[in-house]
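Okay, so here's the structure we're looking at.
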Amino acid sequence: MVSAICNRMKSGVFLFYGVTDIRSRNIIRDFTRTFHMPYLSPSTAPLEIKPQQNFEIHMKPDYSLAIIDMIEYFGWPRMHYLYDSDDGLNRLQMVLAALRNTREGDYSSQITVIARRLYNVENAHDELRQMDRMVMDDEKVFVFDLSSERAYRSILKQIPEVGMNKEGYHYLVATLDFINLDMQRYLHGGVNITGFQLLNFENPALRKFIRTWNMLDPYTYPGAGKTKLTYEAALAVDVIDVITRSLRNMVAENPKIFQSTFRRKEVYNYNRTQGIPCNTKPPVPWMHGNTIMDEIKELDFEGLTGRIRFDENGFRKDYELNVFTVGLDTGPFKIGTWDPVNHYKGLYDQNDEDEDNFFNVSQTNRPKIISTILSSPFLMLKEAKDGQPLVGNNRFEGYTVDLTKEVADIVRFDYEFQLVKDDEYGRYINNTWTGMIGEVYRREADMAIGPITITYEREAFVDFSKPFMNVGISIMIKKPEIQKPGVFSFMEPLSPKIWICILCAYIGVSVGLFLVSRFSPYEWEKGSGDEVMENQFNILNALWFSVGALMLQGSDACPRSFSGRIIGTVWWFFVLIIISSYTANLAAFLTIERMHTPIESADDLAKQTEIKYGTIKSGTTMKFFEESKVQTYRQMWNFMSAENPSVFVKDVKEGVDRVKSSKGKYAFLLESSANEFYNNREPCDTMKVGPNLNSKGLGIATTPDSPIKAQMNLAVLELTEDGTLHKLKTKWWKDKGQCAGNPGDASSKRELSLSNVAGIFYILIAGLVFAVILASFEFICEKSKMYEKVSYMTATETVTTLVMTPTSEKENGGPEGMPHSYNTTENQQATFSYKPQPAIGFEHFMREMDHTEL
């Protein structure tokens, strides 16, 4: 060991860190004092201190006085003291000396201590049986002062094996890690076990470290993710913290203090000597040893093992040990605290005369105090019936009441509701907690049940059960008035851009079909004359064909060319998809009543300033925006915090009332559970918009050392799996709702009204009127053209009736073609018809009567 220390000092070190025992203690003490080399150790401090300058720092607090105080507190007249190391023997001597010098009068003369060293802790069955038979008292007391946690686990395993885990036995376990011991075998026998706990899990520094440690990658940091932290590991972390803080303070006070110490990555001492060699005569001490020790002794901070302060001899001071116990069906739970100044202080002591108060009154019979808050529908005041005042838990109703009853039936405990005094959920202000979290943290309540959000900051001070409900921050606004459907609401299934595109497609297809028909020879055919070629797809017929297909109707004209049929086919396919999509959307648009909300999400809120928005002035919702790194939420927080008058409200009820009275100019940011509840309450004029901004759970807050916190977790999981929690939420959110339909919905189905389809009737009437007007216009135009046509035909038509002389008259010598006399008899006249060539532009108005008779 001497060689190892010298080799390390020669290579250059600032200080040593390591464990010590009774064999190495003197060697380490001599080296540290000779070379002024600081030595930090997580081991127990030596019992005797020599009057010389000490360079040892002992991180592990001395608990010898704690053992003495607990023996005096319980007033045991006889006990067995079992130890397994020299340190245990030294503590036994100190205990005996203290008991002889106690100020409790003649108490010391009455106590009997039977001590025994256990040389084989792994197999101590025989020693336990022998000591058990030595004492026939009603209460047998054993003090175990062992050297390691492994030894404690081994002895606690053997005690039930020899039948010493029943009523009448009381064990004082001198460990500093009591709650990490397995006590399951001792919960039902009636035995009492008392021990010490160095780590206080209410310590914010400790809880923060555990959270961080559990989130690390176990492959990179071996051991990360373990839920249990031993006090030895915590002491090691505190040692590193002590070293870094002291060196940092030295550099802060004198930035050049180590300027001559480091050269070429080596450590140098006085006179430019590399390292601190052991063989120099006289020995040269470490140049920074005294300064490092002074800085360490001036430290005062909160470490994982509590307050870190040292006296002149390097011993811990101002530390505190928690005292825990295990009883019948209870524990481990805290019963008091111990410190070197105030000694033992019991949490359940009524007065100094009743020292056994806790053990006389079982904690299981004491009703659990449950801190809660009025917040609908979680907790509401029940209306008294028949004028009879309500008292106790009967004053309340709501989700919290039903949930607490279900959990209490499973875990089996009595309870009493206590309204939180400051009407707050819990904020960390000026190094203290307010609201329900504060009452649990200060042990004014055993637990808190209500809409309490599980957060990292809160769980550093209290424990939470598994979430019994998942919620998120949501937006509540005043429900806007339902807009009446427009005259042309039937056009809403398609956007204006689509309607314009359909119109363009219709015109494009018609023009394309017209051009293709003109160019394709297959669209031309012979007319009534042999030399006339006709084409049925003029521009009007092309438009008529396209509109007929668009309206799912037919047309008497169909393309005959292959190119024309391609255009017709793709147009029919286009119409098929458009009409199907339109029909599908039309049913929804005409049968769903919609409201147009001014905002749809948090982004909409952040982009405008007309609508104010705020949160409850205490709670996780406000904390979420205050600490958020998201740009949108940061912008919202800056807006809310700068508004005057304030946009923050005291509670949910005030926020909901502000939304209702703001006429749409205020939005309330609250948890989705409360949002859904109030949206389903009369007058049903609020609504939730947009998705939740985050996701979080509501849990039951308990003290870190609560004996039933594990059972609470199992109870919540059981209620989740069997559907009880779902039934409770349905009961208080939906079954007791006062609004029709689903709360928070922005639409509801309804039947069609005339206003929905009025536009169709308007188009029909307009079409009929336009057709009548157009027909009248055509008639007038046709009439005027008829007059022009008759005057022209009169000039070109001749109707002549020629009376031809029969052949017999010709033979009689009458002139040819000229009658001797005008005979009007029908059988003596011949009629010849002459049809002139059609006049230009009038071919469509020719009639069969237009002819010339001869």
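Just so you know, the numbers here start at 1 and follow the chain as drawn.
Cβ atoms here come from the backbone N, Cα and C positions, even for glycine.
Automatic, uncurated: that is what TrEMBL annotation is.
Every protein chain considered, the tally of other Cβ atoms within 10 Å of the Cβ of Cys6 (disulfide bond) stands at 17. What TrEMBL lists as disulfide bond is Cys6-Cys278 (among others).
According to TrEMBL, the feature domain 'Ionotropic glutamate receptor C-terminal' maps to 368-735.
Taking the domain 'Ionotropic glutamate receptor L-glutamate and glycine-binding' (377-442) as a whole, pLDDT averages 87 in the prediction. Sequence annotations record features per position, and here TrEMBL assigns domain 'Ionotropic glutamate receptor L-glutamate and glycine-binding' to 377-442.
Sequence-distant contacts of Thr453 (L-glutamate binding site), defined as residues of its own chain at least six apart whose C-beta falls under 8 angstroms from its C-beta, comprise Tyr425, Val471, Gly619, Thr620, Glu671, Lys696, Gly697, Leu698. Marked as L-glutamate binding site by TrEMBL: Pro451, Thr453, Arg458, Thr621, Glu671.
TrEMBL lists 498-519 (among others) with the feature transmembrane segment. Among residues of the same chain six or more beyond the transmembrane segment (498-519), those with a C-beta under 8 A of the stretch's C-beta atoms are 491, 535-539, 542-543, 545-547, 550, 559, 561, 563-564, 567-568, 571, 574, 578.
The transmembrane segment annotation in TrEMBL covers 570-592 (among others).
The site 'Crucial to convey clamshell closure to channel opening' annotation in TrEMBL covers Ile599. Ile599 (site 'Crucial to convey clamshell closure to channel opening') has a Cβ environment of 20 other Cβ atoms inside 10 Å.
Annotation comment: TrEMBL describes Cys684-Cys739 (among others) as disulfide bond. Long-range Cβ contacts of Cys739 (disulfide bond) within its own chain (separation 6+, distance under 8 Å): Asn679, Asn680, Arg681, Glu682, Cys684. The secondary structure of Cys739 (disulfide bond), as reduced to three states from DSSP, is coil rather than helix or strand.
If you look up TrEMBL, you'll see 759-781 (among others) marked as transmembrane segment.
Excluding Pro451, Thr453, Arg458, Thr621, Glu671, which define the L-glutamate site, the same chain contributes Tyr425, Ile452, Thr455, Val471, Gly619, Thr620, Lys696, Leu698 within 8 Å (Cβ to the Cβ centroid), listed in sequence order. Considering only the recorded positions Pro451, Ile599, Thr621, the residue whose Cα is spatially closest to the Cα of Cys6 (disulfide bond) is Thr621.
For the pair Pro451 (L-glutamate binding site) and Ile599 (site 'Crucial to convey clamshell closure to channel opening'), the Cα-Cα distance reads 27 Å.
Across the fold, the C-alpha of Thr621 (L-glutamate binding site) and the C-alpha of Cys278 (disulfide bond) stand 63 Å from each other.
The L-glutamate-binding residues named in the record, Pro451, Thr453, Arg458, Thr621, Glu671, extend over a maximum Cα to Cα distance of 18 Å.
The separation of Ile599 (site 'Crucial to convey clamshell closure to channel opening') from Arg458 (L-glutamate binding site), Cα to Cα, is 33 Å.
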